[in-house]
Each structure stands twice: as structure tokens, then as C-alpha cells.
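Peer 1: Take this structure first; my questions come after.
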Amino acid sequence: MYLTRSRPDTAQQHRGRGKLPGAVFALGTVSLLTDISAEMITAFMPVYLIYTLQLSYVQFGFLDGLYNGATAMLRLVGGYVADRWRRPKLVALTGYGTSAVAKLAFPMVGASGFGIGAVLATDRAGKGLRTAPRDALISLATPPDRLGRAFGVHRSMDTVGALLGPLVTFWILHELGSRSSPVFVVSFCFAALGLIVLAAFVRERAPEPRRTEAPVSPRACLALLADRRIRRITLAAGALGLVTVSDAFVYLVLQRTTGVPFEVLPLLPLGTALVFLLAATPLGLLSDRIGRWPVFFAGHVALLGVYLMLLPDGGGYPVLVAALVLHGLFYAATDGVLMAYAGPLVPRRLRASGLAVVQTGQALARLLSSVLFGVLLAAVSVGSAVLVVLTAFVLALTGAAVLVGRKGDS
Amino acid sequence: MRKWLQAHRVALGVVSIVLVVLAGGGYVVGTALGGPEEPASAGPIARGDLLYVDLAGGRDRVRKTRLDRPDAPSAATELRCQRVYSASGTTVCLRLAGPGPNYEAAVLDSGNQVIRTIGLPGVPNRARVSESGNVVSWTTFVTGDSYLTPGGFSTRTGILDLRTGALVESLEEFTTTVNGEPMVAVDRNFWGVTVAADDRTFYATLASQNRTWLVKGDLTARTMRGVRQGAECPSLSPDGGRIAYKKRTGRLGPWALAVLDLRTHEERVLRDTAGIDDQAVWLNADNLAYGGTPDSGKKSTIFTVPADGSAPQAVLIEEAASPVPLR
């Protein structure tokens, strides 16, 4: 019903035009504030663990990897509960609130490795819970022909926060010293501001009367995969996720092969984020015009370009910059665009669950990929490992193109 | 109630935002103004001093006290470091350098003048200067873009020879053999260097595929070979006859401090040192010191323990790290 209403005959000429709903900017602000809070902790955690607490980093990393996998599944729970209660905003609030409270729990658990692992798991659980309902809120508030731009704007605002977080941490370490409480308290304040903006400034449409619709059930969510297009995009995103190696590895190898100084290494993620920030909105807009699938596919071709640059030795800064630009474009062309693609395919009452299914498929595939890649690296040299990934990547791209890339699907 | 809340949504939101900003800002300002900082005392560091990084105020101020009387009143130096080490007039200070946050290794001469700074690719972790003051080394933890890569980490160990100015950015540049086989695995990591009195021989830790080795290296030939499995963060005794290191007490169990006699190859695990995650230093021929987490779960504390295992560890200085004996 909504689909037909928002797509008059003339809409084709105006695809992507028109104003974005205020909810998109409000949710963008929530993500911006929350990301400042989260990235502050990310930047501080190594210093805190290694330096202040003198904790064993290796064991902690192991624990952290475990939790990361477990909480990825919470996206499905968050999506399902949001649809079942028909209250995505409330579920999102719970998720954001959980993460905010976790920031205050850090100083309480002290130097206990298990305690810190548990707090991080809680923080992640909050992230897992909130992601699908939040994307559903964006998706439900925006007319389908502007979804690419809406998600682009949201992801850009999100990234501004991600870039500001480490700066705030640096400022605190520089001005207030390495005591941990100021970092946690300020991080909590940003998280609390995000919560307030979500509670007060994001309007949620009143739930429509239940009418005769079948209630949302796990079976109904599972039935989503019976829809050919949803199944295909989930499979395609999963297959491509399976051949996506972790960013940390890309940066380590890039630094090594291009031959730039070691000290540049911490700056590489900033390069990707900056390109992502600048390109997310224009590429989202482009995806509204020419179709989301072509843009999503092109993003992965850009990633293929990054992997190609990991092969030859040398090149210095020009190759490094080119690789980071492609890496940023990959994220800009895929992250929000995938949600914009999947959104209209899912009935409104199952929107959060549907987006969660697609996201979880991709996240689990990437997690599996990092494990497989670790095994591969232990067996062969970096060059051979990259070659294997490149081959697998071309296969996955071909498979994805055959699965989804047909006219009328975007 | 619900209706009222909804009607006043925006006003309530604005008021809450103002309150959070005021509370957070007030807290930050209060912390910034909290207590005047003690001025740095004049006077260079000298033989017989014990340096350490004071974690109590959060300012990471390097302080000095007396090696023979660590409970004597301490004095602040001009240095602020995350890690520090000093020997024969050369000091290395690993410290915050810029936004990111980024870190650098600053090398200072006996007049506390910076003679060289080297950008670091991660979080400072180990710092050492050879007994002669000629060879400086450091280790940083390199972290990924997210909290951490699942289960993964990598280290970078650099070595600077002040006599030639030659900088080894990473020990991965050296040729390494383990059990006679060249070690070329991608995931090899090195950390925790200790240099012998000849300023050429050194020991360090090599890790690859979940195993660690104590490696013995040659700075001139740029080679290393594995000499013992499972020993990490070595520290040579002043006479060069013994080597202290941490080793796992179980497969994934905590580390304990052990001392190996290089002549008799007798290893002794020191009492009550479980949980150590630092490169120990020799305070003198008989005693070791290291940073560790106290049972209270609080910040790092400097402990001391006799090298012959005759007594359990004892607290030397609370809320402190990086003990540096100036022998």
C-alpha cells in the first residue's frame, strides 16, 4: 500500500529527489553521538588494558572474539522483537541504553579480564539489538525512492562520530591525563545525549491497527527467505562477505607492501573513514537513480581493486592513497546501499526482521571469513593468501551477478 | 502522565540535553582543575635513583626515589611517559604524540635533551636501554580498527643504535631460524628486547601460531635463532649470567616469572608471581622488579621479588609502572 502511494507515475523522473524526512537526520544525530561514545572507548581500550591495568592482551583478544560472534546473532533478536511488539523505537532505545550503561560499568569491573570481557559483551549486545530496529525506522520513515540517499546521509553522520571519538579521547589523554574515569564518563555522556535525541526527537509512526494480518512469528520471518529476491540478496551479500578479509589485515599488508613508514599505520583507518564519510551520501543518491544493486556490485569491484593493490611490492604513498580511496568507496557503495536495497523488498510489518536477516548473514560470513583467512595465512605466504582471496572474490562476484543481477531487481 | 510526556517531548529533550552537557562539562572542568600539579624538581637523575611512572594522578609523570629506600619521599621529573627506561645517561620515553591517539619514542641524552623521536605504530608496551646507553629498544602493540581483531594482535619492536644512528623499524627485518629452519611465517611477532654488555648480543621473544620462543640475536649480523620455547619478555641479569622471563604455568594459564641460569641451564619459577605481564628488571644482582595488577583489581603496581625464589613478591610502589633502577 505504501509502495503504490509513494510511487506515482511521474516518480521515475524524480527518483531520489525531494526532501528527506526529519527522522533520518534525527537518527543520524543519534548515531553520530553514539559513535563518538563507542569510538572513544575503542581508541582508549588498548591503552587502558596494556598500560593502566597491565592485562594480558592475548587472552583478552580471544575473549573479545568469542563475544563478537555471539552478539552478532542478537541482531536477529532485536529485529524480531521490534516487529513482534511493533515498537522498533523502544527496542532501539533498549539497545542504545544498554551500551550507554556499559560505559559506566568499565570502572566498576577494574582489572578483571573476565569482567571487562563481560562489559564489552554487554556493549556489543546493545549494538546488536539496536541496529536492525534503527535501520527499520529509517527505512519506514523514508519513501522508497529516496532510501539510498537516506541511508547515505545516516552513514555519513555516523562516520563523523566515528572520526570524532578518537579525537575526544586524545584530547582527554592530553589534557586530563591517562586516568580512566574521564574517558568513561565523557563517553557515557555522549551515549546519554544520543539516547535523549532518540527518545525526544525521533518520531515513530503509531502502530497501525492489527487488522487481520497474521501476527509476526519466527515462522513468518523465516518465510521471508522464501521470497526469491530476499533470499538472493542475502546469499549474494553472504557470499561476498565470505571473501571480505578484515580491515586490520588490509591495513597491515598495505603498509608493508607500499613501503610507507610504520608510524602511518594507525592513520590508515582514518583514510577509509574520510572517504566513506564524503562518498556515502552521493553514492546513496546515485543508487536511487541507477539502482541499488549496480552500486552495491560496483562497491565490491572497488574492493577487488584494493586486494589487487596488495599484490605488488612498492608504490609508496600514491598506491596507498589509491587503495584507501577504493576501500572507502567500497564501504560507501555497500553499507547503507544494501539496506536501501533490502528495505522495500520486506513487508512493513517485518521490516526490522528482514533487515536483520540480511545483516546477520553478511556479518556471520565476514566472521567466518576472518577465521578461514587466519588458517590460510598460517599455511601459506601473504602473497599466496591474497591470490587465493582474489580468486575466491572473482568467483563470488560472478556468483552474485548471476544470482541478483538481472533487470528489474534493483 | 504518558500524554503529558508526549506533549512536552521536545522541551523535555532540550532540558535533558542541557543537563547532561552541564554535568559532563562540569565533571571535565572539575577534573582538569583538580589539585595543583607538583612542579618538577630540578636535579638530574643519578646513579642510585629508582625511576618509575606515577599512574596515581593520571599525568604519567616520571618520578624518582632512592633505589635503596623506595619508600623515601619521591620527586617529580620533567618527563611524562607511558613507558620509560634509562641507563648510562640515555633515556627512552614512550609517550603520547598526537591525535589518533598516536605515540612516539623520544630518546633523550644525559642533559634531558631530546636527540631523536621515532613515530610508533601502536600503543607503547616495552622500553629498554642497554647498560652502556648505546642501544635503545621498544615494543608497541598494533591494534586493528575495531576494538580488536578477533583473537589477534601484532607487535612492532624497534631498535636504535645511537653509535651509528641505525634504526631497525621492526625485528621482522632480521633473519630468524627456529630449530635450524628459517622462520618466515606471516604471523610472527617479536617483543621485549634485552641487550647484553657487548651491545651486540640480544634476547627477545618470538611468537608465531600460538607458540613463543626465546630468541638470541646478533645486532650486527641481523640474525636471531630460537633457544628456548615458551619463554617471553627476557631480562638479562647485570652480570649477564642469568636471564629472567615470564612463562605460562598452564596451557592458557597465567604467566609466572622464572629465572634461568645460563651456565647450568637450571630454571626456577619464582613464588607468587602468577599474573605477571611485564618485562622484569634487575634492581641488583639479587632482586627483580616488575609492574603487575594487584589482587584488588586496581591499577598497575610495582612489585619486587628475590631472584632465587626465596620469598614471595612484595609491593614496592603502588599505582606505578616502568621501574628503572639506575645502577
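Glycine too: its Cβ is placed from the backbone N, Cα and C atoms.
Straight out of TrEMBL:
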{"type": "TRANSMEM", "residues": "A:20-51", "note": "transmembrane segment"}
{"type": "DOMAIN", "residues": "A:23-408", "note": "domain 'Major facilitator superfamily (MFS) profile'"}
{"type": "TRANSMEM", "residues": "A:57-77", "note": "transmembrane segment"}
{"type": "TRANSMEM", "residues": "A:180-202", "note": "transmembrane segment"}
{"type": "TRANSMEM", "residues": "A:233-254", "note": "transmembrane segment"}
{"type": "TRANSMEM", "residues": "A:266-286", "note": "transmembrane segment"}
{"type": "TRANSMEM", "residues": "A:293-311", "note": "transmembrane segment"}
{"type": "TRANSMEM", "residues": "A:317-342", "note": "transmembrane segment"}
{"type": "TRANSMEM", "residues": "A:363-380", "note": "transmembrane segment"}
{"type": "TRANSMEM", "residues": "A:386-405", "note": "transmembrane segment"}
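Can you tell me where each of these features sits in this structure?
Peer 2: Packing against the transmembrane segment (A:20-51) from elsewhere in the chain are residues 57, 60, 96, 99-100, 103, 106, 116, 123, 127, 134, 137-138, 141-142, 146, 149-150, 153-154, 156-166, 168-170, 173, 178, 180, 183-184, 186-191, 193-195, 197-198, 201-203: each is 6 or more residues past its ends and has a CB under 8 Å from a CB in it.
Within the chain carrying the transmembrane segment (A:233-254), a Cβ under 8 angstroms from the stretch's Cβ atoms is held by residues 225, 265, 268-269, 272, 300, 303, 306-307, 309-310, 320, 323-324, 327, 338, 341-342, 345, 357-358, 361-366, 368-370, 372-373, 382, 386, 389, 392-393, 395-397, 399-400, 403-404, all 6 or more beyond its ends.
Within its own chain, the transmembrane segment (A:266-286) has Cβ neighbours under 8 Å at 16, 148-153, 155-156, 159-160, 162-163, 247, 251, 254-255, 295, 299, 320-321, 324-325, 327-329, 331-333, 335-337, 340, counting only residues six or more beyond its boundaries.
With a cut-off of 8 Å between Cβ atoms, the residues of this chain six or more beyond the transmembrane segment (A:293-311) that come close are 148, 240, 244-245, 250, 253-254, 257, 283, 286-287, 319, 322-323, 326-327, 329-334, 337-338, 341, 382-383, 386-387, 389-390, 393-394, 397, 400-401, 404-405, 409-410.
Proximity of distant same-chain residues to the transmembrane segment (A:363-380), defined by a Cβ-Cβ separation under 8 Å and at least 6 residues beyond the stretch ends, is recorded for 68-69, 72, 75, 237-246, 249, 388-389.
Here the transmembrane segment (A:386-405) has long-range neighbours at 229, 232-233, 235-236, 239-240, 242-243, 245, 253, 293, 297, 300-301, 303-304, 307-308, 310-311, 373, 376, 380, meaning same-chain residues at least 6 beyond its ends whose C-beta is under 8 angstroms from one of its own.
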